[in-house]
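Taken verbatim from TrEMBL:
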| type | residues | note |
| --- | --- | --- |
| DOMAIN | 1-238 | domain 'Deacetylase sirtuin-type' |
| BINDING | 17-36, 96-99, 181-183, 207-209, Ala225 | NAD(+) binding site |
| BINDING | Tyr61, Arg64 | substrate binding site |
| ACT_SITE | His114 | active site, proton acceptor |
| BINDING | Cys122, Cys125, Cys141, Cys144, Cys147 | Zn(2+) binding site |
Amino acid sequence: MVAERGQNGERLVILTGAGMSADSGVPTFRAADGLWEGHRVEDIATPEAFVRDPALVHAFYDARRAYLDAVAPNAGHLALARLEREWPGDFLLVTQNVDDLHERAGSTRLIHMHGELKRGWCLACDDRFAWSGTMGEGALCPSCATCDEVRPDIVWFGEMPYQMDRIDEALRGCDLFVSIGTSGAVYPAAGFVQTARYVGAHCLELNLDPSQGSIFFDETRLGRASELVPAWVEKLLA
Ligand code: OAD
């Protein structure tokens, strides 16, 4: 039980990535050839790409937003929502995913560190708001009514992820850090395990393949998130 829970067993931080939603049918970022209609994702998810070709960037995110209607949370998302409800200590779920599957499963103590597909950000008035449907040409800001200045409220390469102070504080105080379905290729999320290790937390990785930071974890369990996560949660709450 100590190995499952960490030293004191109370304060838990979980990080999820694209592999968490893969069993729901949401494509991961670095699977297959890593291309979208011939473009590298790294060439679309940048502020420079948005200035150069806003229609292309909107088309990419509009397609992913529309796709959300066709997918549903899997058993892994549901297990994490149950863990949040039943866990007796501090709990924080940090996701790199921009889909809404964690909240649809019932998670509430959740940070979308890379933003959300279903939110927009007006570059004219700086307001952020819920968004559904397409955001391409003709998008009107619901706050200031400016046209074509709304961008997806997504953290692009070169931009600062959201709520890093809160995440860092939770990591520095955690007993158990669990990373699920992420390749460990993108910082700062890829470095969370090193902060958790530094403060003596037990670090567990649940992933299909060993991540790039696998050596920093005390334990790696390989398999699908929709199977590994419910099994781990069941044992943790037993
Ligand atoms: P990646 O696509 O880089 O990695 C997905 C990881 O999930 C890989 O290590 C796979 O082995 C694993 N995986 C795949 N299917 C799985 C399954 N069914 N169960 C468990 N694991 C599975 O995605 P992320 O690590 O999330 O950032 O990528 C991090 C960030 O890079 C993203 O948030 C995005 C991207 O560019 C931004 O857009 C800013």
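For all residues, glycine too, the Cβ spot is worked out from N, Cα and C.
Unlike curated entries, TrEMBL annotations are predicted automatically.
On a predicted model such as this, the values are computed, not experimentally measured, just so you know.
Distribution of TrEMBL features across the structure.
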residue: Ser21; record: NAD(+) binding site; contacts (Cβ under 8 Å, 6+ apart): Val71, Asn74, His77, Asn97, Asp99, Leu101, Gly181
residue: Gly25; record: NAD(+) binding site; contacts (Cβ under 8 Å, 6+ apart): Ala70, Val71
residue: Phe29; record: NAD(+) binding site; contacts (Cβ under 8 Å, 6+ apart): Ala18, Val41, Ser183
residue: Arg64; record: substrate binding site; contacts (Cβ under 8 Å, 6+ apart): Val98, Asp99, Leu117
residue: Cys122; record: Zn(2+) binding site; contacts (Cβ under 8 Å, 6+ apart): Arg128, Phe129, Cys141, Ser143, Cys144, Thr146, Glu149, Val150
residue: Cys125; record: Zn(2+) binding site; contacts (Cβ under 8 Å, 6+ apart): Cys141, Ser143, Cys144, Thr146
residue: Cys147; record: Zn(2+) binding site; contacts (Cβ under 8 Å, 6+ apart): Gly138, Ala139, Leu140, Cys141
residue: Leu208; record: NAD(+) binding site; contacts (Cβ under 8 Å, 6+ apart): Gly19, Ala22, Gly181, Leu222, Gly223, Arg224, Ala225
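You'll find the Cα of Gly17 (NAD(+) binding site) roughly 17 Å from the Cα of Tyr61 (substrate binding site). Between the CA atoms of Gln96 (NAD(+) binding site) and Tyr61 (substrate binding site) there is a gap of 15 Å, rounded to the nearest whole number. Of all the recorded positions listed (Tyr61, His114, Cys144, Gly181), Cys144 has the fewest other CB atoms within 10 A of its CB.
Among the recorded positions Phe29, Tyr61, Gln96, His114, Gly181, residues whose Cβ is positioned under 6 Å from ligand 1 are identified as Phe29, Gln96, His114, Gly181.
DSSP gives Cys122 (Zn(2+) binding site) a strand state. Each residue in Leu123, Ala124, Asp127, Leu140, Pro142, Ser143, Ala145, Thr146, Glu149, Val150 lies on the same chain as Cys122, Cys125, Cys141, Cys144, Cys147 and has a C-beta within 8 Å of the C-beta centroid of that Zn(2+) site, without being one of the site residues. Per-residue confidence over the domain 'Deacetylase sirtuin-type' (1-238) averages 92 (mean pLDDT, predicted model).
Taken residue by residue with DSSP, Cys147 (Zn(2+) binding site) is part of a strand. Cα of Tyr61 (substrate binding site) to Cα of His114 (active site, proton acceptor): a span of 13 Å.
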